[in-house]
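Taken from TrEMBL as is:
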type	residues	note
DOMAIN	122-462	domain 'Peptidase M50'
TRANSMEM	48-71	transmembrane segment
TRANSMEM	122-142	transmembrane segment
TRANSMEM	149-168	transmembrane segment
TRANSMEM	188-210	transmembrane segment
TRANSMEM	410-435	transmembrane segment
TRANSMEM	455-479	transmembrane segment
Amino acid sequence: QSSNSLKASYEDWLLTYGLSVSPFHMRWQTALFNRQFYNWGRWRPRFLYLWFSIGMVFGIVAMFGSVILLGKTLMQTLTQMLTEAPKAQNDRMLQVVVSVLSSGLYLRVVPGVNLPVSQLTYFFSAILISGVIHEVGHGVAAIREQVRFNGFGIFIFIVYPGAFVDLFTTHLQLISPVQQLRIFCAGVWHNFVLGVASFMVLFLLPAILFPFYYTGVGALVTEVAEDSPANGPRGLFVGDLVTNLQDCPVYRVEDWNSCLGDISEKSQVGYCVSAATLQQLSFPARVYRRLDGTVECCSNNSLTDICFSYSNNLNSHLYACLPARKVIEASKVCQTNMDCQKDFVPSFCVTPSLENQTRLIRVKHPPHIDMLYVGHPMHLQYTVSLSSFVPRQNFLSIDLPVVIETFCKYLISLSGALAVINAVPCFALDGQWILNSFLEATLSSLIVEKQNRELVGFLILLAGSALLAANVALGLWMVTAR
């Protein structure tokens, strides 16, 4: 008896506060915001009519576009699976769509596995905001079309947050198909607008933050991972400004990434050393070959010496163990001995003899002494975080621009994902209702029987659901196979 009364009081408490709890799902609905929604829905009716009419056109185009996009993605994924060929660098369509499907909605099943734990806050915040903006679009459009608005709510499914609006279904069924289209397309439209707005903020961020931060002078180090090879007394520190990688100038983070990409793709550069300096610095050491075929000539496990290779007119394969910093500082980069001929001083182009994919990289971050990095360039890229924004005053945070940039990128990605996914003519998505209303608006004169129109819609929805499911399944396979 007591357990039944406790259960009844618990259910009453949930009902009082608009809460609903079930396995893996919790939702909260309220009428607190109804007045605000009605204010928005009755604000400038002509403008809202034009706004949601544009959204209707966009939603219909997005519905057809999403089918074409997913169809092309599926074909490209199947081709890649069958040929096992690497994706072409210029072919971005597959990458974009799979990223939208994976990062946007479905494939981040376990947060922290495919997503850095440090960015979970961005991820879930962007999902929630994108969902709220999506549902606000539906709610305001419904009020604009004289559909009763019952309430707004937020839910959590497993760990993913979202939002919803409760509309009076009978009113929805009584209005015309075109009016229904304005309501059903409003969510996709608002997600698109949110993505565009986020992109504009990201694009204009240097101008927005100009009074407080300046750009174009280098890449500012904001974090160095503990296990980073850039750590150490002569490494990089938070607040350092990187201006050059080798002879590649760095004005912003994009330059840092492109320079590292070029360094990893090209062969190791050499350094001009005069014959007298080479003879003075080198010392005899045993030469042996590594497993990958490269040559090592420094056998003393020194942290300062590196094996260099060079050639002269008599022998094309000579090796010398040299102190790296003394060789590189104040030396001109080169590819052959011809690049080093100056003032008739005999000089050689000495090149670090390193393992495959390993590079010796000179990182300039004045006024500090140059950092000499030996390793794979991508390890440097993954373990050092940078920003293009340099604070004008010391009290300004170096992390604020990075936070804004990252959040805008997540909003673009996830809001775009909601727009693409919801536009697909698939069961239980906005695309289902967009398709049904579209068929009612366009085929009522061609297919008189409503039952036949519903059959056409059902077949299209079945195909769209299969297409989306195939893309999600292959997207999961691609993420887990990497």
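Each Cβ is built from the backbone N, Cα and C atoms, and glycine gets one as well.
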Problem - Interface present between the transmembrane segment (455-479) and the transmembrane segment (122-142) (three or more C-beta pairs under 8 A) - result: no
Fill in the blank from the handout: For the domain 'Peptidase M50' (122-462), the averaged pLDDT of the predicted model is 91
Completion exercise
In the same chain, residues at least 6 away from the ends of the transmembrane segment (48-71) whose Cβ sits under 8 Å of its Cβ atoms read 41, 93, 97, 137, 140-141, 144, 178, 181-186, 188-190, 192, 419-421, 423-425, 430-431, 434-435, 438, 464, 467-468, 471
